[in-house]
Amino acid sequence: MDTLHLRSAGTSLVMSFDSGEAEVIHWGADLGSTLPDLAILGEPVPHSAIDATVPAGLLPQASSSWRGRPALRGHRLADGVSGLDFSARLRVVTVNAEGNSAVIVQADSDAGLTVSSSLALHDGGLLELRHTVTNDGSTPYQLDELATVLPVAPDAVELLDLTGRWCRERHPQRRPIQQGTWVRTGRHGRTGHDSSLLFAAGTAGFGNRHGKVWATHLAWSGNHEQFADSIGDGRTMIGGSELLGPAEVILEPGASYTTPALFAAYSDRGLDGISEAFYSWFRSRPHHVLPAGGAGKPRPVVLNTWEAVYFDHNLSTLIELADSAAELGVERFVLDDGWFRGRRDDHAGLGDWYVDESLWPDGLTPLIDAVTSRGMEFGLWVEPEMVNLDSDIVRSHPEWIVGPSVQSYKDGGRLPLEWRNQHVIDLVNPDAWQYIFDRVDALLRENNISYLKWDQNRDQLEHGHAGRSSVHEQTLAAYRLFDELKKAHPGVEIESCSSGGARVDLGILERTDRIWASDCNDALERQTIQRWTGLVVPPELVGGHVGPTTSHTTARTHDLSFRAITALFGHFGMEWDVRGVQGAEREELKRFIALYKEHRGLIHSGRMVRADVADTSLMLHGVVADAESLKGTTAALFALVSTGTSFAEQTGRITIPGLEPDLTYRVEAIFPAPGDADHGHTFTQVRPPAWLSNGAVAGGRFLAEVGLPMPNLNPEHALVLRFTAL
Ligand code: DGJ
């Protein structure tokens, strides 16, 4: 086979094998079914350069004159002599294609290496790529890096990646593409609060709904690098690799290493097109929480106890809370940190996964029964990868703490610095892994638990097992824990939490059912956190909670409607002592919960739309249902959100993109409604736009091009707009 052409949902991937190397000719817009003779792409040879056309290899390598970051680096460990720190001369051995997937095998018999690359272009246009390198030689081979990269077209001139910290995860940063390498390194031993969920290159000024974008995501929860590598000949590669520690992966003869998957999407309609490709892939997975266009169990309304009671666990308080939650319409009650042996605060107990007999003399059953008898599911918080020094498990197994020394700290080894008073348990040690598995398994067998909130609250910095770097093995061992527990308890859902949103990636999401986007329940911060998390992760997998009126993490105060509308476009819940929510505010909360229940089918299956609004104090985002199923139903739900004050005297017309151009819609502002407690706070004008009281009727094309005049919103307020197709 000389050429491979995969096509799906407006995307083409064209590869050529003519030069003997797997060359990526094009990853971008769909090229149709007929390709010209690719020989026309033969490049001229400039002065002072290699005398040959240089391919953009699937595995860029020095042997074909790639002077950027090579995809494969490593060396042989034989007779005390290191090998050469260049890659290899990989040449195609076989190409096997079937439908929209292919496996390409390249080898270098002199170097004793084979790399097998598997590619799949999924139905929604998302490309999945991973490489496996095998040591065919007779001596050990130390692998330093195996990267998954793809070339972007020359008209990509800007980069967008995400960064953040605790309570401010996933905020965008942009820069021009210039010669050199822009690298985002994660050395947290977990994905990291600052990890770039997406690494995107695009045409000048690409936005939410305009411009061409090429974007990659590395599906890995350990150390990693993501980068854009732009070399002197004008080409740019984007992608990433697992960041391996010294001698962390040594391949014995015959052994292999497989990279994390690189997911890659192309869009000619800005970032929304990238989200569409990711959402379509998530929703096509058979184990997705709502596969097949939203069919399945609706995402239940959650009450999480953390910001309601923190460590103050007391059966009668918790039953009162469960009572109050059930009365509001809550469907899942999650008991957070504080229920296990010795855990009165965050100094002790991690690792002792037994219900604390002093607090719970009859175990968790009385609470679980109270919860389930009120028609709710019961969920439990755990943090299986961590231990406190003050725990029975560390007292009996000090050697199970991960650290730089071979000896345990009891025998003179050095303990890593503490983080929230805790350490990492060495899951690479089979006994420690088995202990943790057995404890969580027993909790699930002995109690009626439908849901685990699985936390992971520290970076893993000095990470060693038996004197060798071990983030790689630890990450795989943690994945194995999830996988085995899921296998043993197939009905149990798991939430991935990591000091809020420090473990959000497609590696963890392959084995969990939702992520906790951030510990910040401040709705203003959440607007940005959720917008950028939602770039890749669909809303049904992103937990969003209505927190207390004054945020515990920022001390900002927000009306209920702003907090609720913010949580609406995710998997909705509350994290608030709702026993104290009374009167008009309680009625408003109930109305809102009913609104979520009515519309979650749409929110969790539709197309996400984020408008490019000129006024930067406003955001407009929404979800649009599939055209087929629209007539007479809620066809779309949007939120107009004010994040600050504006220079503009009045908001004026806002255009609403993404609706079906040829359908006619009734548009209504439905929340907060005139009777709601905080309705009067939301607007600031003498006379609101005429359509606001009785709704408006207009076509999708008109709404996208002309728009509707919107009310002036007070800062940090929002309005829900419902679109019914007529
Ligand atoms: C960090 C999480 O992100 C919080 O939601 C909460 O579960 C605490 N840990 C409990 O310790």
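Each position is counted from 1, following the chain as shown.
Each residue, glycine too, has its Cβ placed from N, Cα and C.
Because TrEMBL annotations are produced automatically, they should be read as predictions rather than curated entries.
What TrEMBL records for 21-251 is domain 'Glycosyl hydrolase family 36 N-terminal'.
Under 8 Å, Cβ to Cβ, and six or more positions away along its own chain, ASP337 (substrate binding site) finds TRP306, TYR310, PHE311, ARG343, ASP346, TRP381, GLU383, ASP455. Classification of ASP337 (substrate binding site) by DSSP places it in coil, neither helical nor stranded. The substrate binding site feature in TrEMBL is assigned to TRP166, ASP336, ASP337, ARG420, LYS453, TRP454, ASP455, GLN456, ASN457, CYS497, ASP519.
Its own atom aside, the Cβ of ASP455 (substrate binding site) has 22 Cβ atoms within 10 angstroms in the protein chains shown. The feature active site, nucleophile is assigned by TrEMBL to ASP455.
Taking the Cβ of ASP519 (substrate binding site) as reference, residues of its chain lying under 8 Å away and at least six apart in sequence are, in sequence order, TRP166, CYS167, SER499, GLY500, GLY501, THR553. Taken from TrEMBL, the feature active site, proton donor applies to ASP519.
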Per DSSP, three-state class assigned to LYS453 (substrate binding site): strand
Binding-site residues whose CB lies under 6 angstroms from ligand 1, from TRP166, ASP455, ASP519: ASP455, ASP519
Cβ-based isolation winner (fewest other Cβ atoms within 10 Å) among the binding-site residues TRP166, LYS453, ASN457: TRP166
